[in-house]
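Undergrad: The following feature annotations were taken from TrEMBL:
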COMPBIAS  796-811  compositional bias 'Polar residues'
DOMAIN    30-116  domain 'Ig-like'
DOMAIN    135-216  domain 'Ig-like'
DOMAIN    226-310  domain 'Ig-like'
DOMAIN    316-403  domain 'Ig-like'
DOMAIN    408-496  domain 'Ig-like'
DOMAIN    509-607  domain 'Fibronectin type-III'
DOMAIN    612-709  domain 'Fibronectin type-III'
DOMAIN    714-810  domain 'Fibronectin type-III'
DOMAIN    811-905  domain 'Fibronectin type-III'
REGION    796-816  region 'Disordered'
Amino acid sequence: DIMSYQCLATSLKNLIIKKKKKIHYIRLQNKFETKTRSTVSVREGQGVVLLCGPPPHVGDLSYAWTFNDNPLYVQEDNRRFVSQETGNLYIAKVEPSDVGNYTCFITNKEAQRSVQGPPTPLVQRTDGVMGEYEPKIEVRFPETIQAAKDSSIKLECFALGNPVPNISWRRMDGSLLPGKVKYSKSKAILEIPNFQQEDEGFYECTAGNLRGRNIAKGQLIFYAPPEWEQKIQNTYLSIYDSLFWECKASGKPSPYYTWLKNGERLNPEERIQIENGTLIITMLNVSDSGIYQCAAENKYQIIYANAELKVLASAPNFSKNPIKKVSVVQVGGDISIECKPIAFPRAAVSWKRGTENLRQSKRVFLIEDGSLKIYNVTRSDAGSYTCIATNQFGVAKSTGSLVVKAERTVITIPPSKMDVTVGESIVLPCQVSHDPSIEVVFVWSFNGDIIDLKKGVTHFERIGGESAGDLMIRNIQLNHSGKYMCTVQTTLEILSAVADIIVRGPPGPPEDVRVEHISSSTSQLSWRPGPDNNSPIQIFTIQTRTPFSLGWQAVSTVPEILNGKTYNATVVGLSPWVEYEFRVVAGNSIGIGEPSKPSELLRTKASVPVVAPTNINGGGGSRSELVITWESIPEELQNGEGFGYIVMFRPVGSTTWTKERVLSVESSRFIYRNESIIPLSPFEVKVGVYNNEGEGSLSTASIVYSGEDEPRMAPRGTSVQSVSASEMEVSWNAIDWNRNTGRVLGYEVLYWTDDSKESMIGKIRVSGNVTVKNITGLKANTLYFASVRAYNTAGTGPSSTPVNVTTKKSPPSQPPANIAWKLTNSKLCLNWEHVKTMENESEVLGYKILYRQNRQSKTHILETNNTSAELLVPFEEDYLIEIRTVSDGGDGSSSEEIRIPKMSSLSSRGIQVLEPSVHFLPVVLVTFYSFAIQSLI
């Protein structure tokens, strides 16, 4: 079923290649034998083997078993094993649950086909239980196994027994099993993947239980098909040359070699020497051309290496490699003119300059490869040069010209070493003098890499003209430090100049910041310096951040100054029981660098709190209460868990302190209640702090008064009078109080209307000994009631007997009309109509004349009982005048504003001012007659 076939390939040139290949035939019959399987009867505890009995087949198979109608395959465990060598199912120790029908499934993976056999019934005998017995190995691996290189080897070993045997593996030479080995679940299969020479040897399987053990042994023998280590390559040689070919292959056993030409075995002859993998042919001729094969073979495989040999014979030919038409060199320079004709065999070469044969001299050399080399060229060397190539098949010539230039290219201003600061812009010069007829190309490189200026590289820019290749570096960065080379290229030569650029900058971030130790107020830090960026680090600074700080802040350290060689320090002045992060910043002569990454977040240790509360105050509250207040301590100053406040107090003059604890950290108030406390009595008060570490500081003593009673007396002599349509004045007599009647801190005025059925509509407080209060914003011509009561921190006292008053009627709503004026020199005469009021309005008692200069804000007022008035005013500029009524209910509406122009002997019925309305300040008027004039205050 396995046969070897050989392929022969022939080309149009009668070249033949042979190769052998083994062909594997794969076959699997569709069905098992249809004969019913016999029932297998066993005792409980006995081992059993169920045979698969596969149909005739060719090729590798895989096996699986099913139990009853379960579609899942029987799973391997310590008791059950399916051999992939025999296909049989092995049960080391039968249990009652094993009774049923078993079916074998077979799969040929190459053919992609599966078939199943008839079921095999397994029944349990009723004549007793099988006793314990030693293992019996039913599945053994062969005594000798040939194992190919890189293959995967599987060894099977399974035993029947009661109790169920354990399987173990070892190498018989005592060496350890390879680490790459794999085991099946029951260890019945040992797999050695990627088999190599060192895996060769004897292996042993041991099956053991309480009754004994059994052993299976076998040898793995390594073999390797040939593999090429060195192949022959296509070769082109000239007639009369010698051929040397060598091929090498590895394998076990070692391969032997044969040589073939055009598919036929090659044997040694007079010119042909063959020794193992070596082929030598001397004095080649054209008939030696062909396809050659080196075959390496051992008992397992044969491999071929193919190559073509061409033996060439031709006259010299310059068609592919003519001499350069024009070669250019400067006076004093060196020039090499190549002559490489194609010729088989190799041609002999000679040179002519013009028509004269060229001979070798001190400056002229004929190189072995046929090239012409001229040193220290002079002007007289210019001209035509001809290379003549000759062999037995013919002669060929090729001619070119040599042009000699007078001026050499020189870099006149090369780049120079520079020391710069990051962020600066610099120019690296590179200027040359050269022959104007020669094109010059400038190429810049940085640390050996060419800078491609055509691609618009960031920071780099070429500036200058034809003879200048200056390089500008804008906003230079730290990574631009290094070696810059300007290369000047012409058709004749290549020149270069180098300069080192050092870019200095602030230090890089320090690294590996670690907190070595932390206490309640200190922390020991260490770090490693970052790059100094070409400027030595001069100083380090440590910064901290807490949940309570505004960003990062510098902290005090020991030592106080951290120079550039200091890599550890102690941070001092930390707050206890606060989470801190630390970072380090480095500085040098250039500036301050980037900070390091933050350290891990750590909490300082707890300690007794040291900051006492401030602003100790209090007072107020009810009778028999002492109210004490303070400003609470922020979390960052509490110094530990279990924080609270200690409140201490005693009556003034007493020597005994009362001490109370307030547990809440957010508390800022404490109330002490005791019926024996005398109202409004002074206490000395201190407030301290504590936490789980102990009690801390106390505040200085403050005087706080206990709670007091409400005032017990009502004010007397309460009266009220109407001031205007919207205002009334309430007055009363002050209370002469003492501790028994209750302290008076001030008075509270209550007022309401008759319609409100004594429900309060207003309440105004005054403090101290004030005994009168004006109430505004009232309704006109309305009856109001009012009463007064005293108050203190405990509350309000009894109210006085209510008094009442009716507010005045509303002021006139109509403004003065028909206003006329006459101006003579500085005398202004005004006239208007008397304003008539409505029944619900107050009577007109007089008029107010308000006047001011146009550009001034100070307003003057004139009051009169008449409907006319005269003003003596200097008219340096325009005046603005308006007139309003005066009544018991207050001032009435104003007339429209009148502008009096700066002119003499004028009169008018009134001029409306077409400007935005004017807002006047409140005024206090002293009323008098006979045209009195008063300024607005």
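Note: Cβ is positioned from N, Cα and C throughout, glycine not excepted.
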Undergrad: Please list the DSSP helix, strand and coil residue counts for the domain 'Ig-like' (30-116).
TA: 3 helix, 36 strand, 48 coil
Undergrad: What same-chain residues lie close to the compositional bias 'Polar residues' (796-811): Cβ under 8 Å, and 6 or more beyond its ends?
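TA: Non-local partners: 710-716, 718-728, 730, 732, 742, 744, 748, 750, 754, 778-790, 840-842, 885, 887-893.
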Undergrad: Using DSSP, how many residues in the domain 'Ig-like' (408-496) fall into helix, strand and coil?
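TA: Secondary-structure composition of the domain 'Ig-like' (408-496): 6 helix, 42 strand, 41 coil.
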Undergrad: So, do the domain 'Ig-like' (408-496) and the domain 'Fibronectin type-III' (509-607) meet, by the test of 3 or more Cβ pairs under 8 Å (sequence gap 6 or more)?
TA: yes
Undergrad: Would you kindly check 135-216, 226-310, 316-403, 509-607, 612-709 and say which stretch has the most C-beta pairs under 8 angstroms to the domain 'Ig-like' (30-116)?
TA: 135-216
Undergrad: Report the DSSP secondary-structure composition of the domain 'Fibronectin type-III' (612-709) as helix, strand and coil residue counts.
TA: 3 helix, 49 strand, 46 coil
Undergrad: Could you tell me how many residues in the domain 'Ig-like' (226-310) are helical, how many are strand and how many are coil under DSSP?
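TA: DSSP composition of the domain 'Ig-like' (226-310): 3 helix, 53 strand, 29 coil.
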